[in-house]
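Enquirer: Submitted below is the structure of interest, expressed as structure tokens.
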């Protein structure tokens, strides 16, 4: 079991590193080009490792339309807005905004599927929202600031939450590999009309280390780590998996300090406490902790 925990921690660390890597890439390549190249790498990787398992068959037109919508929302919009946000915001701020995704997904499920939520969920949602407002609004300064980067981060979070809701429906008729491939493939197609040949050819002027970082990070972060997570997480359960996901903002802070030299202010620490406490309350942390302890025994 320790091996599984270690693997899950590596996956979360890779996802946290995506904030750092993105902040570096946007200094050399425009956001749209980064998004398209990454999606191409992911598509090729998925085809290479599992083309025999990919079966694009859906029983109804409605499901095909839902698949297209999921690809547009969770891949085209989500990936582009993520890299666009990193042009003007910090990895730490972006990570904490995206930490609201599970709560936002829960709210969408409540609205669309009438799922009942306990009071602890709503209390946690309020605490997390207050924490994100503190982190985003002040950024260690006294005056209120909320710019374009933060707006794109909110769009990234909202689009991914909507994407997860779509996946709940689509996963009943498609295996995980087919679903991942099809959403990435169609998401890539939706973005291509907005990219010019000139933009894509500009990549030739980018230094080789940056290109290697772009390609390798795409395969590791969005390809391999997702597949490994989907394989290992069921061994410990979704509740324990959620505990590991909550470590992502903290790992992002550590990586930002190590690789980018970013500090974190007292105001942001206070906001971080609100966010993490909110997530713990809304996801019923104490029941998860018991699940974690039981899985260790």
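Placement of Cβ uses the backbone N, Cα and C atoms for every residue, glycine included.
Below are the features listed in TrEMBL for this protein:
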type	residues	note
DOMAIN	5-136	domain 'EamA'
TRANSMEM	32-51	transmembrane segment
TRANSMEM	63-83	transmembrane segment
TRANSMEM	89-108	transmembrane segment
TRANSMEM	120-139	transmembrane segment
DOMAIN	148-282	domain 'EamA'
TRANSMEM	151-170	transmembrane segment
TRANSMEM	177-198	transmembrane segment
TRANSMEM	210-229	transmembrane segment
TRANSMEM	236-260	transmembrane segment
TRANSMEM	266-286	transmembrane segment
Enquirer: Output the single range from 63-83, 151-170, 177-198, 210-229 maximising the number of Cβ pairs under 8 Å to the transmembrane segment (89-108).
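Expert: If we count Cβ pairs closer than 8 Å to the transmembrane segment (89-108), 151-170 scores highest.
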Enquirer: State the residues, same chain only, that lie 6 or more residues beyond the ends of the transmembrane segment (120-139) and have a CB under 8 A from a CB inside it; answer 'none' if no residue qualifies.
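Expert: 90, 92-93, 96-97, 99-100, 103, 106-107, 145-146, 150, 265, 267-268, 270-284.
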Enquirer: Which one, 32-51, 63-83, 151-170, 177-198, 266-286, has the most C-beta pairs under 8 Å toward the transmembrane segment (210-229)?
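Expert: Per the Cβ count, the answer is 32-51.
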Enquirer: So, does the transmembrane segment (177-198) come close enough to the transmembrane segment (32-51) to give 3+ Cβ pairs below 8 Å, pairs being at least 6 apart in sequence?
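Expert: Judged by the Cβ rule, the two regions touch, with the required three close pairs present.
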Enquirer: So what's near the transmembrane segment (177-198) in sequence-distant terms, Cβ-Cβ under 8 Å and 6+ beyond its ends?
Expert: 32-33, 35-36, 39-40, 42-43, 46-47, 50, 53-56, 67-68, 70-72, 74-76, 79-80, 163, 167, 170-171, 226-227
Enquirer: Averaged over the whole of the domain 'EamA' (5-136), what is the pLDDT?
Expert: 88
